[in-house]
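Student: One structure is given below, represented as structure tokens, and several questions about it will come after.
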Amino acid sequence: MATLLDIGVAAGINILTAVIFFIIFAVLRLQPFNDRVYFSKWYLKGLRSSPASGGAFATRFVNLDLRSYLKFLNWMPEALKMPERELIDHAGLDSVVYLRIYWLGLKIFAPIAILAWAVLVPVNWTNNELELAGHFKNVTSSDIDKLSISNIPERSARFWTHIIMAYAFTIWTCYILLKEYETVANMRLQFVASEARRPDQFTVLVRNVPPDPDESVSELVEHFFLVNHPDHYLTHQVVCNANKLADLVNKRKKLQNWLDYYQLKYSRNNSQIRPMAKLGCLGLCGQKVDAIEHYFAEVEKTSKEIAEERENVVNDQKSTMPASFVSFKTRWAAAVCAQTQQTKNPTEWLTEWAPEPRDVYWPNLAIPYVSLTVKRLVMHIAFFFLTFFFIIPIAFVQSLATIEGIEKVAPFLRVIIEDKFIKSVIQGLLAGIALKLFLIFLPSILMTMSKFEGFTSISSLERRSASRYYIFNLVNVFLANVVAGAAFEQLNSFLNQSPNQIPKTIGVAIPMKATFFITYIMIDGWAGVAGEILRLKPLIIYHLKNTFLVKTDKDREEAMNPGSIGFNTGEPQIQLYFLLGLVYAPVTPMLLPFILIFFGLAYIVYRHQIINVYNQEYESAAAFWPDVHGRVIAALIISQLLLMGLLATKHAASAAPFLIVLPVLTIAFHRFCKGRYEPAFIRYPLQEAMMKDTLERAREPNLNLKGYLQDAYIHPVFKACDDDDEDDMVGKLEEEVIIVPTKRQSRRNTPAPSRISSESSPSLAVIK
């Protein structure tokens with residue numbers, strides 16, 4: 001069990017680590033050769049040029065201005081200067097609202113921490129229950145635990161203080177959540193109303209188009225919308241399975257890079273010796289060939305394969321999926337279509353808002369809609385087993401990351417680990433580090449599972465992955481450590497105690513797990529956040545690419561990977577801190593200052609990263625906020641239930657029932673917020689759509705909207721082709737979306753003339 005000395009040692013190490021990271025970052029960010037790593041967003045916007053492009057050789061790589069090093073922490077106030085409105089224009093609403101999650105944590109926990117330390121800490125400290133609990137076997141305590149509810153004796157009237165504080169914490173949290181939900185909802189509506197014209201405002205994604213033996217998917221889509229949306233339908237783009245073509249285009253891109261590299265190398269070489277390359281593993285073995293001739297031949301071969309595959313994609317009906325992006329003449333018409341049922345069969349002609357073109361996850365558009373249910377069922381089962389079987393290795397690693405575990409596995413280390421300082425380091429750091437390392441590959445696994453489920457946008461992939469990451473943290477990081485950990489620690493005591501003593505042992509042991517979470521917060525939330533601003537991994541990868549792989553200026557631009565805020569990993573981490581703070585606020589207030597430091601530090605660091613580094617891949621207009629709100633509510637309810645259970649173990653029978661009202665009120669509050677504010681995140685008000693359409697018609701009466709939308713949702717693999725090939729391909733694709741007459745025997749479903757008969761179809765007015 002970690003003592004006050006152990007926590008102090010861990011805090012000192014983590015603070016020192018964070019300070020070192022900040023100093024290293026302050027030095028590295030000033031060096032010209034690192035400029036693309038630490039200011040990549042400005043390069044992508046075209047507002048910054050490399051300082052290494054001119055001047056003396058030394059100054060191109062090293063900053064020799066000593067005065068600039070004296071203000072090595074000036075990035076912190078600079079990160080806070082940009083106003084929120086300007087930050088929205090600079091980085092988008094998603095990034096700004098993501099920052100508000102950290103700000104929400106500060107607004108919730110700062111008053112709670114003050115109140116808890118002013119009221120609960122004196123109430124807990126002025127008792128001697130833990131001294132009496134020392135008579136129980138294996139029930140040990142430290143000075144930290146005397147600040148917790150464990151130090152209050154059974155049936156004490158002091159538990160009323162904790163109940164009153166639980167009500168105060170709940171009321172304050174709900175008040176802040178309500179204000180924040182209202183603020184973010186208004187920000188979203190204002191952003192949608194004020195932002196420039198975007199293709200997704202006029203477009204819906206239509207899924208599960210029913211098969212028709214007489215017409216292609218493109219013809220069927222056009223006829224359906226000409227009949228059912230005759231005054232508003234504009235154009236459409238069918239979804240093609242271009243995954244194989246995308247692989248070929250990526251392959252040619254890599255081959256072309258190598259060809260450019262060897263041609264550049266040969267042109268710069270004064271000798272007539274042509275560059276050679278080996279065809280084996282990593283170019284280290286195998287047959288030796290002329291590099292330029294080899295890669296030229298490979299590029300030509302791959303180009304022919306691409307041309308053949310393009311023809312297959314366009315001409316083969318099997319490559320066309322029963323889905324399409326359908327665009328309308330107005331935002332109002334798109335809103336009506338996206339938010340209504342199209343036919344009496346609710347499983348066909350399913351419409352939803354189209355993601356913005358940057359947000360589309362193209363590989364999943366080729367998945368047949370009917371197979372999505374099976375895929376998602378399989379992933380639900382897989383996630384269940386992943387979550388609950390992960391408890392076993394985590395518990396095993398956690399058991400080894402203790403003094404007792406190390407002494408069992410390696411008795412010969414007993415002399416070393418019994419040293420006072422080493423023991424403090426192990427107890428204060430090792431368990432948290434072990435857990436952090438164990439979770440490194442989890443985000444990649446969860447994202448792969450989300451992709452397998454078939455979500456069609458990057459934002460929805462990240463939201464699903466974040467949801468599962470949160471559940472995983474709740475089960476494996478929180479519950480497994482609090483409940484199972486407490487039980488394991490007291491196992492020997494259980495075996496030697498009478499049944500009426502076991503609840504008391506659990507009641508004493510569970511609050512003591514706060515010391516583990518304190519160490520975890522310092523490792524993950526302090527040193528981890530400080531390490532985020534250092535960007536050590538992207539820095540190393542950039543310089544390795546720049547040294548060994550960069551062959552052209554285009555390669556150098558692509559070697560710079562700014563990354564994004566990573567909602568699928570960052571938001572679940574934040575939610576874990578909300579959960580820990582709300583659970584332990586009435587139980588062990590000692591944990592709250594550590595959480596406050598995390599939220600404050602993370603807010604500054606991520607604000608800096610969003611301004612200077614991250615390049616958000618998409619803009620969902622803060623569509624994730626209902627998930628954020630819901631998880632904080634879930635954490636609040638969990639904290640209330642655990643406090644009820646804890647008071648039950650303390651035999652506070654007269655006090656505990658008063659907590660039953662809290663979860664009921666919290667759920668009612670959540671339902672109110674869901675009904676009042678959530679529609680702003682899942683629907684688009686027709687009034688707002690009509691206002692924007694009216695203003696646009698007044699300002700741009702001659703706008704060619706069809707030309708603007710025609711190519712918006714063409715698969716990006718076609719745009720990656722050569723210019724001539726791209727023009728041909730786009731032309732063929734556009735042929736698919738002109739008004740096409742029906743091939744059916746009955747022509748009552750379309751107003752267009754038929755190629756088969758010279759007679760004209762009846763107009764819409766006479767269709768019965």
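Every residue, even glycine, has its Cβ placed from backbone N, Cα and C.
Keep in mind that TrEMBL annotations are predicted by a computer and have not been checked by a curator.
Okay, so TrEMBL annotates it like this:
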- 751-768: compositional bias 'Low complexity' (COMPBIAS)
- 7-180: domain 'CSC1/OSCA1-like N-terminal transmembrane' (DOMAIN)
- 201-364: domain 'CSC1/OSCA1-like cytosolic' (DOMAIN)
- 375-647: domain 'CSC1/OSCA1-like 7TM region' (DOMAIN)
- 741-768: region 'Disordered' (REGION)
- 6-28: transmembrane segment (TRANSMEM)
- 101-120: transmembrane segment (TRANSMEM)
- 159-178: transmembrane segment (TRANSMEM)
- 377-401: transmembrane segment (TRANSMEM)
- 421-448: transmembrane segment (TRANSMEM)
- 469-488: transmembrane segment (TRANSMEM)
- 576-606: transmembrane segment (TRANSMEM)
- 655-673: transmembrane segment (TRANSMEM)
Student: Can you say which of 6-28, 101-120, 576-606, 655-673 has the most Cβ pairs under 8 Å with the transmembrane segment (159-178)?
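Tutor: By the under-8 Å Cβ criterion, the transmembrane segment (159-178) pairs most with 101-120.
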Student: Residue list, the transmembrane segment (101-120) vs rest of chain: Cβ under 8 Å, 6 or more residues beyond ends.
Tutor: 161-162, 165, 168-169, 172-173, 176-177, 180, 571, 574, 577-578, 581, 585-586, 589, 592-593, 595-596, 598-600, 602-603, 606, 628, 632
Student: So what's near the transmembrane segment (655-673) in sequence-distant terms, Cβ-Cβ under 8 Å and 6+ beyond its ends?
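Tutor: Contacts of the transmembrane segment (655-673) (Cβ under 8 Å, skipping residues fewer than 6 from its ends): 159-160, 163, 166-167, 170, 174, 177-178, 181, 629-630, 633, 636-637, 640-641, 643-644, 647-648.
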Student: Check the domain 'CSC1/OSCA1-like 7TM region' (375-647) for me and report the mean pLDDT.
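Tutor: The answer is 79, the mean pLDDT of the model over that range.
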